[in-house]
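What TrEMBL records for this protein:
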| type | residues | note |
| --- | --- | --- |
| COMPBIAS | 624-638 | compositional bias 'Polar residues' |
| REGION | 610-638 | region 'Disordered' |
| TRANSMEM | 68-88 | transmembrane segment |
| TRANSMEM | 100-122 | transmembrane segment |
| TRANSMEM | 143-164 | transmembrane segment |
| TRANSMEM | 176-193 | transmembrane segment |
| TRANSMEM | 205-223 | transmembrane segment |
| TRANSMEM | 255-273 | transmembrane segment |
| TRANSMEM | 294-319 | transmembrane segment |
| TRANSMEM | 354-377 | transmembrane segment |
| TRANSMEM | 398-417 | transmembrane segment |
| TRANSMEM | 423-448 | transmembrane segment |
| TRANSMEM | 455-476 | transmembrane segment |
| TRANSMEM | 527-550 | transmembrane segment |
Amino acid sequence: MSVGVSTSTPLLPDSGANVVTSTFSLADYVVFALLLVLSLAIGLYHAFRGWGRHTVGQLLMADRKMGCLPVALSLLATFQSAVAILGVPSEIYRFGTQYWFLGCCYFLGLLIPAHVFIPVFYRLHLTSAYEYLELRFNKAVRICGTVTFIFQMVIYMGVVLYAPSLALNAVTGFDLWSSVLTIGIVCTIYTALGGLKAVIWTDVFQTLVMFLGQLVVIIVGSAKVDGLGHVWEVASQHGLISGIELNPDPFVRHTFWTLAFGGVFMMLSLYGVNQAQVQRYLSSRTEKAAILSCYAVFPCQQVVLCMSCLIGLVMFAYYQKHPMSTQQAQAAPDQFVLYFVMDLLKDLPGLPGLFVACLFSGSLSTISSAFNSLATVTMEDLIRPWFPQFSEVQAIMLSRLLGFGYGLLCLGMAYISSQMGSVLQAALSIFGMVGGPLLGLFCLGMFFPCANPAGAIVGLLAGLVMAFWIGIGSIVTKMASGVAPSPSNISSFSLPGNLTTIAMTTLMPSTTHSRPTGLQRLYSLSYLWYSAHNSTTVIVVGLIVSWLTGGMRGRTLNPRTISPVFSRLVDLLPLCCQKRFHCESYSQDLSVDTPAFPEKMSNGMLKNSRDKEAMAVPEEGSAHQGNSPTFILQETSL
């Protein structure tokens, strides 16, 4: 099938087609209310359990005692947002199963974080991922990374709350601002009071609700169209079952190479360096548990992707047999799934409410991850370094206030989103634009010992400029030509998290247009290559600037900030190339799990950031030199 061209159309509405009223019954409201009550109860249980004995480490890092299964399900919940629940089935319904090949990128997209990023972060005993940037470069780079992340998440969290509420309002008449306020307030309360442990365990519950809601749609829908075998047969007859498209052109929206390899970089920006995900890895009781949680996400993601694709195919088969209503024929693509579910389950009280609970479970899990990660980086990267005198009680109170503050900010951003109109697509795109440059910044630090702080900052700025240039340019070009902005403008919704792999994937027009040339051609780069393109820009520019400014010559480098994979990769190079990267380490085996900050307290936090700074890079002749790592570059040229 040619990607981007609709191969068939469902039965068109006729004058006798029933109008979908899509009203909620009492049973539906009860099911939906149960989701909110149980989510709040789980959060408050962890908030009041041991009240008065909590530490900052318990609030922000779940005391670093979480098992791999709840962490894995929490990672999955962050990945599976409400936007994906609505977007993926509609993508399959309109364009076929080509998107299914995105599952090929999941393996590398999780294997690499498990063995490249997690060991570095975990052995440094970090709280914020951006602490790494100070250890590897300096405080200025850390602040740049933190501010970039906050900008990304603040814009995202309002949109991800407002967008599904808007779709639900259009289809069911469910009051828009009642749903926005209810979800926002419930999420804010249990996140601010219960901390990361409450977020993780509510994510576990919400993940089960998401699985159940989607499973019900598949079972009921396939039963009404004579089984899954018939669904597959109908899809095959109409050309919806896509073969492997091996076109290497990166400007084609979806091909095997774009989905399987471009998607890897997108996955790395979500599961490798995003604070919402890194924070969950670091909450694991051991490094092995953190790695196992990353492995456990892989089969779960495959199941989730298959279920979403099956819903799209069942929806297609259903509308080959049943005519659409007038509203459905005129609906926006992101409303297709809701119309289908309300039509399918209208005679089964409680089940429409279950699917809406499934939808808002995605929103709750994503937004709570955003709140918690934002509160953590604000506390650890922007407040504690400047106010190290805070007591434990004051730090806990401030962390909770930050959680509440970001909750109120999320509601404010949801209101701003309602006023943005066509600019809303640009706001959605910004989230994806920032992920690639941050990935490039961390890769620059972990794999290139010659990179210095100047190179890191200039590289990050160059990556952001490139990302916004292509992303915003693409949106403006399509708006000027009268074409709805397509997913090529968006790389991912992660929030953590994130954090999902696509946003509004269904906004792609169903017809093909003339091939663009020149700068227009650059603007048509597939959204799945965004992370790869922007992260590569950061690395290349960062290395050039580092070389021009003398690299790391004269500076001391902590070897634990370099990925253990680096030395293995260097060993594969010819001897002449190995000399350029040759490094010598003293008094420290990189495989040893030793805190970068020996004075961290039992709850996993340092007394203050000045202690962190003192421990990060020991000076010559200091008392720490005998048992702290030293990394001396023998050769720093590129």
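Cβ coordinates are placed from backbone N, Cα and C, and glycine is handled just like the others.
All TrEMBL annotations are machine predictions without curation.
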Worksheet item: Any chance the transmembrane segment (205-223) and the transmembrane segment (398-417) have 3 or more Cβ pairs under 8 A, given the pairs are 6 or more apart in sequence?
Response: no
Worksheet, complete the sentence: Ranking 100-122, 143-164, 176-193, 398-417 by Cβ pairs under 8 Å to the transmembrane segment (68-88) puts first 143-164
Practice prompt. Sort out the residues at least 6 away from either end of the transmembrane segment (143-164), same chain, that have Cβ-Cβ distances under 8 Å to it, and list them.
Written response: 81-83, 86, 128-130, 133, 180, 183-184, 275, 334, 359-360, 362-363, 366-367, 370-371, 373-374, 377-378, 381-382, 406, 409-418, 424, 427-428, 430-431, 434-435, 437-438, 441, 457, 460, 464, 493, 495, 498, 504
Worksheet item: Can at least 3 Cβ pairs under 8 A be found between the transmembrane segment (176-193) and the transmembrane segment (354-377), with each pair 6 or more apart in sequence?
Response: yes
Worksheet entry | Intrachain neighbours beyond the transmembrane segment (398-417), with Cβ under 8 angstroms and 6 or more residues off its ends | 56, 59-60, 154-155, 157-159, 161-163, 165, 180-181, 184-185, 187-189, 191-193, 195, 367, 370-372, 374-376, 378-379, 383, 390, 424, 427
Worksheet entry | For the transmembrane segment (455-476), sequence-distant contacts whose Cβ falls under 8 Å of one of its Cβ atoms, 6 or more beyond its ends | 133, 137, 140-141, 144-145, 148, 425-426, 429-430, 432-434, 436-438, 440-441, 444-445, 485, 488-489, 519, 522-525, 530, 533-535, 537-547, 549
Fill in: Same-chain residues near the transmembrane segment (354-377), Cβ under 8 Å, at least 6 residues beyond its ends
24, 28, 31-32, 34-35, 39, 60, 74, 77-78, 80-86, 127-130, 146, 149-150, 153-154, 156-157, 160-161, 164-165, 168, 172, 174, 179, 183-184, 186-188, 190-192, 195-196, 199, 202-203, 206-207, 209-210, 212-214, 216-217, 274-276, 279, 338, 341, 345, 399, 402-403, 406-407, 410, 493, 495-500
